[in-house]
Structures are given as structure tokens and as C-alpha cells.
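The following features are taken from Swiss-Prot:
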- Gly6, Ala7, Thr8, Ala9, Thr10, Gly11, Lys12, Thr13: ATP binding site (BINDING)
- Thr8, Ala9, Thr10, Gly11, Lys12, Thr13: substrate binding site (BINDING)
- 31-34: region 'Interaction with substrate tRNA' (REGION)
- Thr97: site 'Interaction with substrate tRNA' (SITE)
Amino acid sequence: MIVIAGATATGKTELCIKLAKLLDGEVISADSMMVYKYMDIGTAKPSVEEREGIEHYVIDVVLPSQNYSVKDYIEDFDKAVQKIREKGKIPIVVGGTWLYIQGALYGLSDAPESDWTLREKLYSLVNLELYTQLQKVDPEYANKIHVNDKRRIVRALEVYYLTGKPFSFFINQHNFKSKRYNFLGFILERDRQELMDRIEIRVEKMFEKGLVEEVKKLVDMGFKDSLTSMQAIGYKEILPYLDKKISLEDAKKCIIENTKDFAKRQIRTFRNKTDFEKIEASKFEVNEMLDYIYRKYNQEVRDVSTR
């Protein structure tokens, strides 16, 4: 199994599809927003044409109105791995959602499952209020995450209110060292300014492809703005434009800034992952990275076969 991780707009999708073609593999997505049907442009979901005939798993699995947890992801991930291996192919995992990657590769802690009623109440509060609560009940975990990382803040508070124990207690107890699968892991990195420029270009292309129309269609289908899915970057910023509260240009600027902030949080999250090798994507062409990963994978296979 090969895992390609990294921040948004680092070039993971293009690399993994070419790698799958080279190694006769199939792709498992590790993106928390690509699981939703009808949400394609704003999530940068690869189109059927962009997939170039490569089978993709854990994409379009639930409606935007349905709940989907890390536990659900792990179950779908395991099924995908089994299907791919039964075909005699290589699973290639790609994405930027570390909670999914961590859960699939190392398992879950003993923290309780999500309580969606409690979670909805927490999501109704503003970030600063939530973060202030977290600092009081779990300063250790609060110091590890950003004040705007609402998903992680809500999860940590949810665990605390359900158990009376800080989320950091469960993380420290699990340790996340034992692997559920053997894998060869890589994290794509890019020069900071280059990454910011790539994000701006990506957002512009999203608007050209019809992002506004996609969000309007979701609203017309009855998916409310309070849903977790509709609070994704690229969607929540369009909603006030549709309500005529902000201009289209302001909505676009918000998406760009929020995506940049999100990428910075991802970069921090992916630091110090000792089971993963960093690849400076800014310094290499795609074919050079392919050749490097291909050689590393073949060496890994040879090493395993001689043990």
C-alpha cells in the first residue's frame, strides 16, 4: 500500500492517478468532503475524465444530509483495500484529511463515537467561544490545534462532554504507533508562496467550472446551510452570496483566504509524521516523483520478500 498525503493544492491527485497507472493500482480517497454526493467542484473531486479509467473508492458514498464519521470511513477503507487486493492490484491512498488517514492506518482511540445532537449544538457556536471552552477543559490539545480548526475543536469538546475526560487523554492512551497495514507513506510539500498561488488559481477554476451553480443546486435540493457538508470551504462562502448579503467577488476572496488558512493548518498537522517521507514537489517534475516512488516501492517489496 502506498499513501500520498499533503495539504490541499499540492498536486496529490495528478500524482496518484499517474502512479496507479504505473503500478496497476486503484485509488482510495482520504478526503472528508469527497465522501458527499453532488459536491464535486468545491471539493476538487477528480472528474471521471480526470480519473483516466482508474477506479476510485470512498468517493460519493453519502448524501450531504447524512452523517459520516471516521469509524464509517475506516469501514469503507477496509472494504476498498480488500476489493483492490482481490483484483491483485495495489491500493494507493490519497488525501489531506489526517483524521481519516490516521484512523485507517493506526486505528481509533477509545474515545466515544460521535453524538450528532451534541455536535450540532457545538457547531452552532462561533470558533472563538468553542476554542475558549477547549482551553479550559483540555489545554494540552488546545495548544496543538488552531483556533479556526472547528472540526477538531468540536470533536475534542464532544469527547469531553460525553466522558468528562479530555480528548488528549484518549490520544495519549492510544499512542497511534501500531499499524493496521504495512504502507509506504509520502507527504507532498511545496514552497509556501507557490502553494498560495496554486490555491488562487484553483479557486478561479472552480468558479469557471460552475461552483456557484453547484451550491445553488444543493440549496434547491433542500440541503440546509447548517449541515456539516454545507459548512465546507467553497460552499459556506457562496451561501451568503446567494442570499444577496455579499458580492460574488467577496465570496471568492473569502474562499481563497479560508483555503489558504486551511492549507496552513494541514501543513502543521503533517509535520513530524515519522512514518512518512517528505517530497518537495516544488523541486521536481511529476515524472521525477513517479520514478522516485516507483523505485522506493520496488525496494520495499524486495526488502519484505527477503525478510
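Using the three backbone atoms N, Cα and C, a Cβ is placed for every residue, glycine included.
Keep in mind that this is a model prediction, so the values were computed, not measured.
Residues of the region 'Interaction with substrate tRNA' (31-34) grouped by DSSP class, helix first, strand second and coil last, total 0 helix, 0 strand, 4 coil. Listed in sequence order, Ala44, Pro46, Glu50, Val94 are the same-chain residues six or more apart from Thr13 (ATP binding site) with CB atoms under 8 A from its CB.
Model confidence over the region 'Interaction with substrate tRNA' (31-34) is summarised by a mean pLDDT of 96.
Counting only same-chain residues six or more apart in sequence, the Cβ atoms lying under 8 angstroms from the Cβ of Thr10 (ATP binding site) belong to Leu188, Glu189, Arg190, Leu195, Arg198, Ala281.
Applying an 8 A CB threshold to same-chain residues 6+ apart, the list for Thr8 (ATP binding site) reads Ala44, Gly96, Ile199, Arg202, Thr259, Phe262, Ala263, Gln266. Taking CA atoms as the reference points, Ala9 (ATP binding site) and Thr97 (site 'Interaction with substrate tRNA') are 13 Å apart. The DSSP secondary structure for Thr13 (ATP binding site) is helix.
A straight line from the CA of Thr97 (site 'Interaction with substrate tRNA') to the CA of Gly11 (ATP binding site) spans 15 Å. Using a 10 Å Cβ-Cβ cutoff, Ala9 (ATP binding site) registers 25 neighbours. Shown in sequence order, Gly96, Leu188, Arg190 are the same-chain residues outside Gly6, Ala7, Thr8, Ala9, Thr10, Gly11, Lys12, Thr13 whose Cβ sits within 8 Å of the Cβ centre of the ATP site. Neighbours of the substrate site: apart from Thr8, Ala9, Thr10, Gly11, Lys12, Thr13, residues of the same chain with C-beta atoms within 8 angstroms of the site's C-beta centroid are Gly6, Ala7, Glu14, Gly96, Leu188, Arg198.
A 10 Å cutoff on Cβ-Cβ distances gives Gly6 (ATP binding site) a total of 26 other Cβ atoms nearby, all chains included.
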